[in-house]
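What TrEMBL records for this protein:
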- E5, D25, I27, D28: Mg(2+) binding site (BINDING)
Amino acid sequence: SFIGEESVAAGEGSILTDNPTWIIDPIDGTTNFVHRFPFVAVSIGFVVNKKMEFGIVYSCIEDKMYTARNGKGAFCNGQKLQVSGQEDITKSLLVTELGSNRDPEAIKIILSNMERLLSIPVHG
């Protein structure tokens, strides 16, 4: 099976089944791309039995290829990635995506979540 982010965004339906399925977003960061903000990528995932088996993200502007396989770790341009080991959340950096949904109820939930995160407090 095949699920394309751009076709789903255009209103086509899709249902994730147990079938082997490719999930592709050819312009991940479409809004960034439209506004010439240089953070866009090509994202590809492969799912079997609704479980992610592997994923590939190519960050076009940075020329970085991120790969990950279930149980095998994650890599950037072939170099193994590791988490920092930082356990103190007050020393963490918060990065978020607010999405494009401007429905009043969605905005209310997003802002409530942001308020909870920012009150932790985080480092930045």
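Keep in mind that glycine also has a Cβ here, set from the backbone N, Cα and C atoms.
Packing around D25 (Mg(2+) binding site) is summarised by its Cβ count: 19 other Cβ atoms lie within 10 angstroms of its Cβ, all protein chains included. Around the Cβ of E5 (Mg(2+) binding site), a 10 Å sphere holds 16 further Cβ atoms from the protein chains shown. In this view, D28 (Mg(2+) binding site) is surrounded by 19 other Cβ atoms within 10 Å of its Cβ, with every protein chain counted.
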